[in-house]
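K.L.:
Take this structure, written in structure tokens, and hold onto it; I'll ask about it next.
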Amino acid sequence: MRFAWTVLFLGQLQFCPLLRCAPQAPREPPAAPGAWRQTIQWENNGQVFSLLSLGAQYQPQRRRDSSATAPRADGNAAAQPRTPILLLRDNRTASARARTPSPSGVAAGRPRPAARHWFQVGFSPSGAGDGASRRAANRTASPQPPQLSNLRPPSHVDRMVGDDPYNPYKYSDDNPYYNYYDTYERPRSGSRHRPGYGTGYFQYGLPDLVPDPYYIQASTYVQKMSMYNLRCAAEENCLASSAYRADVRDYDHRVLLRFPQRVKNQGTSDFLPSRPRYSWEWHSCHQHYHSMDEFSHYDLLDASTQRRVAEGHKASFCLEDTSCDYGYHRRFACTAHTQGLSPGCYDTYAADIDCQWIDITDVQPGNYILKVSVNPSYLVPESDYSNNVVRCEIRYTGHHAYASGCTISPY
């Protein structure tokens, strides 16, 4: 048994030198500058594939030599923290660069494009082993990263002409059909500050309001509502005088002749409110300002005598550009506290909003004339007042109303 252990121990002593002294495989000589270099190799189904490239060779992460130490204040040597670095080397090898003679007129510390190295993390020189070569590489490294090419300064010339929704007058001519052509065909000539709301650029001519008779005829109907739901309307005096008696209760009903309204400004200038901005009246119930005492007036006339049978009321709504024709832009909005009607735009009031009616609770069934007037008191100058009135024939049965023959009328 002792002899077997001795033989095993001597065999291991003879086998270890054989492993250490075995000749290692010779390393391949460095590739010549500009030669193809194998960068990626893989095997699939017994076949070996290689991807060759002339680009820079990727060097794996390296750690600093473990023998590199830094002296302490007490004289003892302490190992520096090992920082992994990622070195990207150019296509030229070290031996090829060593054989390249340096010109006499070039300074020794001047970096060359072919010998630059970029480090992914911080690197400090050390005094061990190849410290001199690392210090040389550190000197040749650029102190700052290269500037990114996609960080461009802001440009002010790439904005489009006509890309300002608050400036419908985008051409310097006097054509009232402004902004008719495509506004994205030519670049903006210079920096142009966007003006505020309600600003007119050149107000040549006058506005011209025209109500839409077909819009009224298509959606006229009768509705009954309780006084409880008409509190806001009663605050703005949109009901007949009988609705304000002391004996009227919240569950009493009123009969309303509802109809929509759409007014277009077909002139060449903005239709602006007659009252100055500081005198606009705030209505907390509807949460908007009334900028005119009377923008529209609604009357119900007898068909034969033309006598007023229902108490008409003034409608002083909030003026805004609800919609515009193609090529025109909205510039006035009640929510932005700017009121007016731009050329080519419409101020539309649906039939289901407050005060868009005539109170016909005390009207008997029969044939009547519905008269809708815009700018009735001529408080705002217009180019034509003969198209401000719409007259419709109304047949009221006591439960339903039928509108027909709505036309533009001069009176």
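Glycine is treated like the rest: Cβ placed from N, Cα and C.
From Swiss-Prot, here are the annotated features:
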SIGNAL    1-21  signal peptide
REGION    60-168  region 'Disordered'
CARBOHYD  N91  N-linked glycosylation site
CARBOHYD  N138  N-linked glycosylation site
MOD_RES   Y181  sulfotyrosine
REGION    207-411  region 'Lysyl-oxidase like'
DISULFID  C232-C238  disulfide bond
DISULFID  C285-C334  disulfide bond
BINDING   H286, H288, H290  Cu cation binding site
DISULFID  C318-C324  disulfide bond
DISULFID  C345-C355  disulfide bond
MOD_RES   Y349  2',4',5'-topaquinone
DISULFID  C392-C406  disulfide bond
K.L.:
Return the count of C-beta atoms lying within 10 angstroms of the C-beta of H288 (Cu cation binding site), excluding that atom itself.
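P.N.:
H288 (Cu cation binding site): 18 neighbouring Cβ atoms within 10 Å.
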K.L.:
Fewest other C-beta atoms within 10 angstroms of its own C-beta: which of the disulfide-bonded residues C318, C334, C355 fits that?
P.N.:
C334
K.L.:
Cα-Cα separation of H288 (Cu cation binding site) and C238 (disulfide bond), in Å?
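P.N.:
On Cα coordinates alone, these residues lie 16 Å apart.
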K.L.:
Same-chain residues six or more away whose CB lies under 8 A from the CB of C406 (disulfide bond)?
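P.N.:
Correct list: P213, Y214, I216, Q217, V390, R391, C392, E393.
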K.L.:
If you count the C-beta atoms lying within 10 Å of each candidate's C-beta, which of the disulfide-bonded residues C238, C345 ends up with the smallest number?
P.N.:
C238
K.L.:
When the Cα-Cα distance from C285 (disulfide bond) is computed for each of the recorded positions C232, C238, C345, Y349, C355, which gives the smallest value?
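P.N.:
Smallest Cα separation from C285 (disulfide bond) among C232, C238, C345, Y349, C355: C232.
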K.L.:
Give me the CA-CA distance between Y349 (2',4',5'-topaquinone) and C334 (disulfide bond), in Å, as a whole number.
P.N.:
13
K.L.:
Within the region 'Lysyl-oxidase like' (207-411), what mean pLDDT does the predicted structure show?
P.N.:
90
K.L.:
If you count Cβ atoms within 10 Å of the Cβ of H290 (Cu cation binding site), leaving out that atom itself, what do you get?
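P.N.:
There are 21 such Cβ atoms around H290 (Cu cation binding site).
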